[in-house]
Amino acid sequence: MATTFSLPPLPYAYDALEPVICKQIMEIHHQKHHQTYITNLNAALSAQSTALAANNIPQLINLQQKIKFNGGGHINHSLFWKNLAPHASPETNIDQAAPVLKAAIEAQYGSVEKFKEAFGATLLGLQGSGWGWLVANGPGGKLEIVSTKDQDPVTDKVPVFGVDMWEHAYYLQYFNNKASYVEGIWKVLNWRTAEDRFKNGVEGSALLKL
């Protein structure tokens, strides 16, 4: 029997990220979009189990893209919710919440502001749908800004934090003004979660836990 996944609860209320991300976006994004990825992932895994039992290799191959896309959507969104925290909460203060990560950012990018500029340029440079990520390259902790297409997840590095650049993440509130969404996301970024992921990655003990 195939493993099934369920929608994780948000670690805050749907209106907790206002005014940066409105309640309506959070409700639709979590209850509809994320749930759809999980529903489709479970269906694909069930079909995979059936195909495996029948030794149906062509069907197993056909299901790979569905599992990758919907599984990636589940991974990415599960990480994204934990990347966020209510505006002006202690978690959004990098000095208090992420001193180790802040020092690494400053050492590599010169300053937090220069890093934000570089990260923002990557987000706004995405064509179509995708994600922007700050990742750590395992032990040693070298930081890197990367983007992934559609729902491709980060699997070969430690995802410190990511930002959803699909239109469903911002369009109801920001319309086509992606720059304002990107500017606002820093106000609700959970630096404490980012710090934990970064430190675990440096120590070589990071596991992708949803």
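Here the Cβ of each residue, glycine as well, is placed from N, Cα and C on the backbone.
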Binding-site annotation, Swiss-Prot, Mn(2+): partner of His29, Asp164, His168 in His74, His77: His77
Cβ contacts of Asp164 (Mn(2+) binding site) (under 8 Å, same chain, 6 or more positions away): His29, Asn76, His77, Phe80, Trp131
Where His77 (Mn(2+) binding site) sits in the secondary structure, as DSSP reduces it to three classes: helix
